[in-house]
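Copied over from TrEMBL:
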- 7-90: domain 'STAS' (DOMAIN)
- 159-180: transmembrane segment (TRANSMEM)
- 208-230: transmembrane segment (TRANSMEM)
- 251-270: transmembrane segment (TRANSMEM)
- 276-295: transmembrane segment (TRANSMEM)
- 307-330: transmembrane segment (TRANSMEM)
- 350-370: transmembrane segment (TRANSMEM)
Amino acid sequence: MREWADFNLAETQEGGVPTLALKGALRVHSLGNLDTKLDTISHDFKQIDMGGVTDIDTTGAWLVSRFARKHDARIVGESEQARRLFAAIGDLDDTPPAPPPHEGLLRRTLADVGDMIIQWGHGLVRILDFLGAMLKTSATVMRHPSRLRGKATIHHMQYIGVNSLWIVGLMSFLIGIVIAQQGAVQLQQFGAEIYTINLTGRLTLRELGILMTAIMVAGRSGSAFAAQIGTMKLTEEVDAMRTIGVSPMEALVIPRVLAAVLMMPLLGFYSSVVAIIGGAFISNFALDIPFLTFLKRIQEVVPITDVWIGLIKAPIFALIVALAGCYQGMQVKSNAEEVGLRTTQAVVTAIFTVIVLDAFFAIFFTEIGWK
């Protein structure tokens, strides 16, 4: 038969100290509603007598300890087992810890700014480390051309260039239509719709052709670089390369960067030509300018410097896009979610940097007289 825990209130014979006398087994299965009954006690007591306790476990010891602290009572008559349990639970206190003091807005703002600066500093160190390794590996490959991964480079050239022709071409054709149509609408107000040809040719060859191509390559190829290398980091393939003596920079980064640098000028020029064709197409219908006349006029009004400007910017934009994708992929460490985050960061970083550099080049080339 189970022996239930119980208690009674009494006074000791020596001094008349109010005492709570516990009896029975103070175990988790025999406590019953002892906790509730103890809470209803209105009398004050100064000591807890455990002489009548036949057995006790951690739950019972915690209950007795809690009530002893609540009433500032001392425990007497406990067994050796109970004494060990009281020592084990020691400083157990069910009073929740005080919440940390509320920090002011200024202090929180300064702390956030400090954390951001520290993160930027760490990020800058990682970027410099990556660029240093990239330059060192590039120098090694240039000294020993046989170490260049030719098949991998050609594979990435096909992926970046050939496989992108249709989407870049369609995008450029539509952009050419929009530039010519919207430009004609505005220029017709001044009877200068013939200058639609100038607008379309110079804007696409000098600015929009290579800029839109770089953005498209960043979204298509830069994200792929980050996801591919990030997945390889996650599956420890990059670590396996290092183990067998293969440089990840040499095998993964150099072919991708080289392929992007080689293909971007071709893609940018192709984009500009298709955009001009799109402008000529819409001008044939909207402005009654014959298709061949439009193209011949392009040769007359577009200076060769516009072509050179686009070709100069192309490899620089390609370098930014490829390095952003490869760098973010190499930073993946923990889980699959980070692959997605790093891929997003690669695309955003590449597009933002390309737009900033394009704005700089637009001002720079104008200032040096390439108008």
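Using N, Cα and C of the backbone, Cβ positions are placed for all residues, glycine too.
Note that the structure is a prediction, hence the values are computed from the model and not measured.
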Cβ contacts the transmembrane segment (251-270)/the transmembrane segment (350-370), at least three under 8 Å, sequence gap 6 or more: no
For the domain 'STAS' (7-90), mean pLDDT (0 to 100): 74
Contact call for the transmembrane segment (208-230) and the transmembrane segment (159-180): at least 3 Cβ pairs under 8 Å, seq gap 6+: yes
Distal contacts, the transmembrane segment (307-330) - CB-CB under 8 A, six or more residues away: 127, 130-131, 134, 205-207, 209-211, 213-214, 217-218, 221-230, 232-233, 238, 248, 252-253, 256-257, 259-261, 263-265, 267-269, 272, 342-343, 345-347, 349-350, 353-354, 357-358, 361, 365, 370
Long-range environment of the transmembrane segment (159-180) - Cβ separation under 8 angstroms, sequence gap at least 6: 196, 199-200, 203-204, 208-209, 212-213, 216-217, 220-221, 224, 259-260, 263-264, 266-267, 270-272, 274-283, 286-287
Chain residues in Cβ proximity to the transmembrane segment (350-370) (below 8 Å; excluding those fewer than six residues from its ends, i.e. six or more beyond): 207, 211, 214-215, 218-219, 222, 305, 308-309, 312-313, 316-317, 320-321, 324-325
For the domain 'STAS' (7-90), the number of residues DSSP places in helix, strand and coil: 29 helix, 27 strand, 28 coil
